[in-house]
């Protein structure tokens, strides 16, 4: 139980640190939402009216900073995320996030899980057939792909499959603008078509890492005594491969996967930016550009919480699967 | 990528005109009823769809509150209409809209609008003078909605309706604000805005299903696309001809430009790099006409604490050395014209421009020899260069390219220019507070050059270094020039022209700012199926999709050729 | 982005097989590894470009707008010119310097920080360890890239220094975690015990006894941090959060994107600098992986004759 409490303590502390950072960094930096809005309206609208407008939407810059901070913490946890004061002035933050979340989850989430599963499988097979043709070139290839920048792969794909093919595959947005969202095959087809390039980018750049780690873990595990023992007992290869070796080799990869979620979000920003995909990453980029404090804060809180929850779940899963981990803390 | 924030300059409206007399506008007659060679006003049959391609960098929020500055561009003009339309590009020609006529009192402190008969809201309810009075009184009650400071700045005292008349009383002569209150405020329906959520918080009300008098209604709106359909109750008989407008969200210029080139969208309003090759050459029906409306200029810090830039010789040297047409050609890809040192935007405001004064002051052509001499007189040379830094906004790539050209042109005369791109927020802080040597910037304009130049040069728009100036960021303080501006509001047309020429002369003499290029109202249009666009020959409205309420004018002129 | 790849490739916790052979041994085995030699070769090529760019192009000021804009590749301009009239090849050559500086400086500083925090945490133990590991974990889990974007946007537009600081602050935690684990595993080794018995000071033991045994892991960490820095910095500059006046590959990418190079028929402008970032990244990744192979011989490629056995 002590272990669980410690992990929960860590969870709370980290979340608090992240939220605090996110509250104070923009507050102490130059720029104000009023000026941002003044720029957006090209000086056409009077600053006094803008100030009033932002106040009407709940922006209170002159309030005591500490009171603001406490309110902010309270609001973050109670789900009162407020109203956007940036380019999407007046739209509830929860609505904006609600609109963007499915796209990010659908695209980045699925692509990441796919990369993890496929990568792990290929890694297992490669380690099993160690010394085979595949295994001799595989590590080099994937060391290379895993070092490629997301945005560059994205640009390359756009160039080859969209520009050169005269728009064979769409290179931006989540679906064809002329369609209304529905469950019709046309709409779903359009969504899928628009997802191919960004999802391909994520797959290409992230699968290598999983293959390599899995292969390495697997090789280490295959040298363990209990695997030899399994062989000696005459168990089938399949049984040894999946039931003995892969199961254990998977453990460290699992926590790696949780940790990588944070990096997934980072990648999402660049991928969504390159492909103009209206997901959470794009939303964050816009929020920062427009000094949209409420939106920025809610997004950052979500990102941090998502990673923390994933790490926590993986910790507990690992602890449950592998009693040794509990002792280590 | 993203922000090729080529400054979409447009805006109109001298808002903080603090001191002003009356102003006589040329005519109250509608000029758009005059026939033009291609007979733009001939009746057309209904039908067809127009798609707008105007990069926003975000998806739609589907809010249409015309007083929300983040999205009023999608509601005013389309759904909500003003009392009178004023055409900035055509000597302030007026088109009566919801007011069929108006009458100023002799002292210009009171104006009576006669409200048009037979107008209905898009939900079928009748429109009346009550709605107009309600709209303006709501602005008093909710200062956040008073976007043009009518009650606080212009001196609006009361707005009352009686019969089909609406009377507005001001504490001072209010003619210069006509452009704001008659042309820019969209009128809203009382029967909707006086009940429920709208009544409780009209300033933050989302207005997702707007009811207006305008030519179009929203149906439906999604994050990716706003679709407008023709308003069957529209008061202009037979209009709009176009039955549907699609306004897709674009997050980036690239795809928006691609759709324009392929005629998937017909109405473009943004910068297209390499426009000849990537837009005009794609189809003989692709056209562009981007009329200049304001200046993009170098703002030198004139405060004595900035020794170099407050020195006249240095400013004169910079103004002489810069080859403005080269900047326009390379930095702006030839899509913005070169500006001139008087700050009068040509050809839009040509009648206020004095070409001979420019050449006799020696600013007609770049003159490196003279500039070198001036720098020498100030004690600088190529071997002993003056180090100056110019601030600009990151992401405005055309500006950055322009500055790269300027930097090269200033090097031989002994100025070592450092370009300092700043985040918008940081840039604003420095510019407003006077914390810069040189700044590259453009200000909003209005229906005459008076609006832009008064903002920039009028001493009351300035502030001491360290305090936020409202518009006079270079800190130019000249009582004589202030007087010229003060006289302008009360003067007749000929005197106004002469006053503007004198102000132009002050620009040549004192070089308070150095205009480099003229920023334009970006506009591309395709004529395969759609006709009736505003053109250089018939500039009946500002042409870009982000000019409101001009969009309403364009939308009621467009027609589909295949439907005829 | 970025960290994703740093992470998995470096993830194999290098088992404490490291002998006390010291640096020479690690380098020698590095040179014998084919991946390492390829990586090293790429790295050296870029070093030469960065050191003496003027040998490879006649252009002296690659950001000057000195040529006809938007030219296709030719004898005079190997990769053509930009829409603004700059020689792309010259920009590429001169751009190597900043990317390398960012990689090396940020990588080095981040590694020093990881060593300081990771090794001291392990060696000090107790409350100090608790506090330092907590700090490390917090930094490890906070999503860094969004944080970097916020920081870079507001910190007055990334001058090189701002970018470097941001990279170091966000880039040290992974290595610290690993180094702590390795140092922990060594705490009770005999040679350290004997040093303690000899009465050496703590700092002496850490610097002269503990660190040398961890050389290969520290080097691997440095390479990982350098890779992270290269990719993150390029990503930032690509988003327009760097210094648009600087000559670097990320800045080239930013300009090519803002001028829509792909759509306007100048793909090389965007693809070439991206390829350089990728190549530099690959070189670090190859060397890094090679270190894994060296410290964990089981991972090395096997010869065919040995392979048969595993197939049994």
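The first residue you see is number 1, and the count goes up from there.
Cβ coordinates come from backbone N, Cα and C, glycine included.
Unlike curated entries, TrEMBL annotations are predicted automatically.
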As TrEMBL has it, transmembrane segment corresponds, among C:36-56, C:57-77, to residues C:36-56
Which listed range (C:36-56, C:131-154, C:160-179, C:268-291) shows the maximal number of Cβ pairs under 8 Å with respect to the transmembrane segment (C:204-231)? C:268-291
Which residues of the same chain, at least 6 past either end of the transmembrane segment (C:160-179), have a Cβ under 8 Å from a Cβ in it? 3, 6-7, 10, 13-14, 98, 101-102, 105-107, 109-111, 113-115, 117-119, 121-122, 132-133, 136-137, 139-140, 144, 147-148, 151-152, 214, 217-218, 221, 224-225, 228-229, 232-233, 236, 242-243, 246
Which sequence-distant residues neighbour the transmembrane segment (C:36-56)? Criterion: at least 6 residues beyond either end, Cβ under 8 Å. 30, 93-94, 96-97, 99-101, 276, 279-280, 282-287, 290-291
Which bits of the chain, at least 6 residues beyond where the transmembrane segment (C:268-291) starts or stops, bring a Cβ under 8 A of a Cβ in it? 5, 9-10, 14, 26, 30, 33, 35-36, 38-43, 46, 73, 79-80, 82-83, 88, 91-92, 95-96, 99-100, 103, 216-217, 219-220, 223-224, 226-227, 230-231, 234, 249-250, 252-253, 255-257, 259, 261-262
